[in-house]
Amino acid sequence: MAQIILCLVTFLISAFRGGSSHTYWNYAMFAWAFCAIMTLIITIIEMFMLHILLKACLDWDDFTTGMAMSSALMTVSVAIFYANFYICRTCLHGWIVSILAFLSGIVYILEVVKDKFLDKKTGSYLAALPGFWKVLEAFVSCMIFVSLTGYRDSIPLILCVIAYIIPFPIIPVIIATNILKKLKNCLPFNLDRFVVIFLIISVVLYVFAAILWPIFIFRHNPYPKDCPPSYCIWAIQFMVAFFTFVNLILFILDLIFTLLGICNFKRT
């Protein structure tokens, strides 16, 4: 209940301040709303014991723990971004929202600690390393999307954006299919083999983007001396390059772990 209240209060206070064209603000509003709604849905299902019926098609403990881990990741990242862009010495509103945002992240982290270490819940996919690894890949992709700027006049940079877009919608499909056991059994193809092919394509696409984005975004674009610390376009473009290499490493390790069948990754 504390998670729902904190996320809703943070959302409402931030919305009361007024809208913003800043992509990080839009991401923050989405994250608080999404986490509050998902936590409310899970609470209602468990309150009326409906999860007993859902256990026929999914591992409920795995789903709830995985959602808590995902929500912790989203709320903590939002708190960091919001504090960076909206806190100043005279910005009381920015301080209040940032503090509430960090508290939201802390309560989700406490739930993860409780589920994983106190209650000893073991996840079958989403709360285990293979599923959460996919969540990390999707999360980093979102960080890239909210940071994209200055690419519209360059064909190589547009190709990089396309490279970012192609793997992204497939990751939630893979996660959902692995969570829903009966759906996975009804597939006319081997999902694990499909995942390997997907990872190979993703690695190739991110290698392509990791080469082109830094070259074409920073060529004739040195770091400006008067770049504002809270909203520096050059720094945001650098974030895209940084997260590109982060996701490339995640996809490469995902592929290696899958091929070798280690750390609970299924070997094909």
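Every residue, even glycine, has its Cβ placed from backbone N, Cα and C.
Going by TrEMBL, these are the annotated features:
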- 1-120: domain 'MARVEL' (DOMAIN)
- 125-263: domain 'MARVEL' (DOMAIN)
- 1-21: signal peptide (SIGNAL)
- 31-54: transmembrane segment (TRANSMEM)
- 66-87: transmembrane segment (TRANSMEM)
- 93-113: transmembrane segment (TRANSMEM)
- 125-148: transmembrane segment (TRANSMEM)
- 154-175: transmembrane segment (TRANSMEM)
- 195-216: transmembrane segment (TRANSMEM)
- 236-262: transmembrane segment (TRANSMEM)
### Message
Using a threshold of three or more Cβ pairs below 8 Å, and leaving out pairs closer than 6 in sequence, do the transmembrane segment (93-113) and the transmembrane segment (154-175) count as in contact?
### Response
no
### Task
Report the mean pLDDT of the predicted model across the domain 'MARVEL' (125-263), rounded to a whole number.
89
### Query
Restricting to the same chain and to residues at least six past its boundaries, which positions have a Cβ under 8 Å from a Cβ of the transmembrane segment (93-113)?
2-3, 6-7, 9-10, 13-14, 17, 28, 32, 35, 65, 68-69, 71-72, 75-76, 78-79, 82-83, 86-87
